[in-house]
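As structure tokens, the structure follows; a few thoughts come after it.
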């Protein structure tokens with residue numbers, strides 16, 4: 001392929017060289033131009049389309065081998081009002097709900113000027129804490145140019161440091177403040193107030209995060225009004241201010257604490273990519289809990305801050321990256337195959353100007369720790385690449401580690417950590433690839449919540465993933481291979497749930513469970529709820545829909561591959577997680593890995609409302625179920641049958657799309673070619689296309705191909721086959737004005753008049769040739785307007801005599817030549833010049849007014865203003881000039897001048 005590419009490159013160079021030569025010939029010949037255009041078109045049609053075809057073929061092959069197709073959900077669920085618990089809050093204004101904190105059997109929801117205390121059971125409001133901005137702060141916010149909506153107090157930090165106490169921070173009209181309240185049965189009592197700078201953001205649109213560890217609050221936010229000073233803060237320590245090596249325009253996502261470290265997840269502009277452009281990378285950073293700062297100038301700076309890139313990509317020779325992290329789950333600890341690991345799940349998106357795509361990736365805490373123990377990355381010069389640092393250059397003790405007293409660290413370690421906070425290696429995805437990939441122009445992933453290690457009959461455990469989108473949908477999925485392998489992924493999308501009555505982005509997802517379970521009437525247990533938070537409402541739904549009475553068979557229940565659901569062979573119905581004897585495999589049938597069970601008969605269920613049964617292969621012969629939205633309050637399940645195949649047929653594969661593009665391109669090419677060909681055959685060219693200067697405003701009245709090629713005996717070539725006895729040719733003869741041009745028109749582009757040749761300056765006053773131009777006698781105002789020697793204005797031809805005739809202005813006169821075809825051509829040219837013309841009559845016709853004619857008759861003839869060969873009042877031929885002119889009319893040739 002390399003040799004072939006070089007060959008094509010050389011051929012292209014030779015073609016370009018030929019084209020350059022032809023381009024020079026284009027100035028001389030129109031035929032050369034046509035040849036070049038044919039050469040270029042033949043080159044394009046010859047192998048240009050072949051290159052396009054090969055490119056599309058490679059894209060198709062690459063798509064088949066690398067890209068993961070969108071996985072269809074088993075169920076499309078549309079919930080009714082009785083299936084959803086909803087809290088709206090203030091209906092007059094948008095509350096901008098965002099934070100959710102669990103406090104026993106209560107939910108604390110942070111919103112606009114308010115903290116709502118809701119019951120987990122039914123989302124009924126129990127208490128309300130109202131905290132508005134002081135009037136002075138609101139006025140100052142408005143003076144600084146913010147609108148009234150932004151000059152409110154949006155709750156952005158909310159933690160429970162101890163039972164009965166609540167720590168809350170709000171934007172407070174772009175002047176952050178933090179309050180500590182004591183919670184009682186009836187109200188909230190203010191205990192303390194402090195400045196919220198570097199803890200809470202100024203702008204409610206800024207993303208921030210916080211976590212409480214060992215009664216110390218760690219926050220990631222911005223520390224100034226403009227939002228240009230990002231910071232990771234724990235009083236009194238902070239990251240370097242205005243240092244792009246530490247934080248470069250970050251958007252914080254989440255944070256958690258584990259062991260001796262606190263971890264932050266965010267996305268930022270990649271400083272290591274700055275020499276190649278701008279890109280956003282996902283990061284994980286950590287600081288040590290025991291960090292006390294350094295000595296002297298490092299006393300208020302972190303001495304343990306490190307960060308690394310999170311690699312969520314589709315593997316291959318050229319990985320496809322999902323670079324922008326949007327949300328992260330809590331730390332999940334579980335069994336994955338033979339490994340016991342602690343995982344963090346995150347949702348990642350492509351950039352907004354890229355292919356719309358989202359993915360879910362998991363990262364092991366051990367892999368993150370190993371990355372922070374690896375090599376550092378550095379840039380030695382401003383134009384240098386970012387390269388790993390040799391381990392021999394790393395000082396001892398190692399920067400970024402936890403020390404008993406960081407204030408005793410030596411200067412080499414402190415200086416190194418200040419300029420080398422970025423690690424060289426990326427944190428790999430735990431399963432070596434994304435768990436779920438979705439490409440859609442309709443929605444992207446925004447939030448994630450994970451219900452960890454759900455046990456199934458037989459003892460296997462699975463993490464159930466709930467993903468929120470910016471279109472108000474919930475996607476429930478599971479990795480069917482996670483219980484048996486730590487490096488394989490079999491994605492199963494169990495449900496796509498349409499929860500909201502109107503589409504709006506999901507801001508937060510939380511899985512909550514009550515302290516005690518209440519046993520419902522059907523014998524199953526209420527094992528939790530999914531809390532969905534948007535700007536205008538808080539919604540709670542069940543984690544599963546196993547008890548739906550539309551699931552009537554064992555094969556339907558098992559085919560869901562839902563870890564929450566299993567078929568109760570004694571009761572003969574689908575039961576949910578938490579039912580009695582749930583872990584006993586002898587009482588329940590379930591197979592999350594394949595969706596099939598040997599004890600469940602397969603077959604098509606011909607139910608009118610819900611069809612389920614006949615299984616079709618999809619990823620290890622898994623059963624796919626579809627749904628049909630039948631009502632507002634029920635979920636309908638459809639098996640893959642004729643309806644599903646109709647949906648499949650309505651979608652197009654990549655191969656079909658490529659073939660359609662190729663067929664359409666070829667068809668368009670053929671239609672364009674034949675249309676141009678037939679139009680060229682039927683349509684005649686305009687006369688202006690044959691002019692020597694078609695892009696100017698000059699043109700010939702009439703021109704013959706042989707007007708400049710004439711024999712020695714006559715000016716005009718006779719063509720007996722085409723002409724009658726007398727041949728007449730009419731052409732435009734410009735008029736020369738003798739006076740100098742005005743100063744303001746000396747450099748005019750239309751000032752193209754030229755002086756007559758020097759050898760004609762001594763001719764007689766009545767002589768005139770084709771190259772000697774004389775002014776019109778009736779032009780009394782002596783108006784000046786430069787004209788080209790070769791034609792007249794198109795506007796003059798179109799408008800006729802009305803073109804600037806109000807001031808007696810005229811530019812040209814028409815000359816008509818008549819040739820008698822009966823005379824012999826054998827007479828010598830010298831004799832023809834000595835004798836006056838016998839058969840030709842030279843006349844001059846002018847359309848002057850009577851006053852102008854009288855003035856002209858009284859003026860004496862001069863060399864500069866003499867009339868042509870004959871005057872207006874005389875019809876006799878003029879005497880010949882003393883010296884014959886090369887352009888003088890020969891024998892048998894005559895001129896007829898016309899205006």
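The chain as shown is numbered from 1 upward.
Every residue gets a Cβ built from N, Cα and C, even glycine.
The annotation compositional bias 'Low complexity' is assigned in Swiss-Prot to 1-20 (among others).
The topological domain 'Cytoplasmic' feature in Swiss-Prot is assigned to 1-40 (among others).
Annotated region 'Disordered' per Swiss-Prot: 1-24 (among others), in sequence order.
Sequence annotations record features per position, and here Swiss-Prot assigns transmembrane segment to 41-61 (among others) based on sequence analysis.
If you look up Swiss-Prot, you'll see 62-657 marked as topological domain 'Extracellular', on the strength of sequence analysis.
The N-linked glycosylation site feature in Swiss-Prot is assigned to 63 (among others); the stated evidence is sequence analysis.
What Swiss-Prot lists as domain 'Sema' is 74-543, and the listing cites sequence analysis.
Annotation source Swiss-Prot lists N-linked glycosylation site at 90 (among others), citing sequence analysis. DSSP assigns residue 90 (N-linked glycosylation site) to coil in the three-state reduction, placing it in neither a helix nor a strand.
In the shown protein chains, 18 other C-beta atoms lie within 10 A of the C-beta of residue 117 (N-linked glycosylation site). Annotated N-linked glycosylation site per Swiss-Prot: 117 (among others), in sequence order, evidence recorded as sequence analysis.
If you look up Swiss-Prot, you'll see 187 (among others) marked as N-linked glycosylation site. Taken residue by residue with DSSP, residue 187 (N-linked glycosylation site) is part of neither helix nor strand, so it is coil.
In the three-state DSSP reading, residue 207 (N-linked glycosylation site) counts as coil. Residues annotated as N-linked glycosylation site in Swiss-Prot, with sequence analysis given as evidence: 207 (among others).
A sphere of 10 angstroms centred on the C-beta of residue 311 (N-linked glycosylation site) encloses 22 other C-beta atoms. Positions annotated as N-linked glycosylation site by Swiss-Prot: 311 (among others).
Counting every protein chain shown, the number of other Cβ atoms lying within 10 Å of the Cβ of residue 404 (N-linked glycosylation site) is 7. Taken from Swiss-Prot, the feature N-linked glycosylation site covers 404 (among others).
Sequence annotations record features per position, and here Swiss-Prot assigns transmembrane segment to 658-678 (among others) based on sequence analysis.
The average pLDDT the prediction assigns to the topological domain 'Cytoplasmic' (679-899) is 48. The annotation topological domain 'Cytoplasmic' is assigned in Swiss-Prot to 679-899 (among others) on the grounds of sequence analysis.
What Swiss-Prot records for 735-766 (among others) is region 'Disordered'.
Rounded to a whole value, the Cα-Cα separation of residue 187 (N-linked glycosylation site) and residue 311 (N-linked glycosylation site) is 47 Å. Within 10 Å of the C-beta of residue 207 (N-linked glycosylation site) there are 18 other C-beta atoms, taking all protein chains into account. Secondary structure at residue 117 (N-linked glycosylation site), taken from DSSP and collapsed to helix, strand or coil, is strand. Residue 207 (N-linked glycosylation site) sits 22 Å from residue 311 (N-linked glycosylation site), counting Cα to Cα. Counting only the Cα atoms, the space from residue 404 (N-linked glycosylation site) to residue 311 (N-linked glycosylation site) is about 32 angstrom. Residue 117 (N-linked glycosylation site) sits 14 Å from residue 90 (N-linked glycosylation site), counting Cα to Cα.
Around the Cβ of residue 187 (N-linked glycosylation site), the number of neighbouring Cβ atoms within 10 Å comes to 11.
The number of other Cβ atoms within 10 Å of the Cβ belonging to residue 90 (N-linked glycosylation site), over all protein chains shown, comes to 13. Put simply, residue 311 (N-linked glycosylation site) is 41 Å from residue 90 (N-linked glycosylation site) when counted between their Cα atoms.
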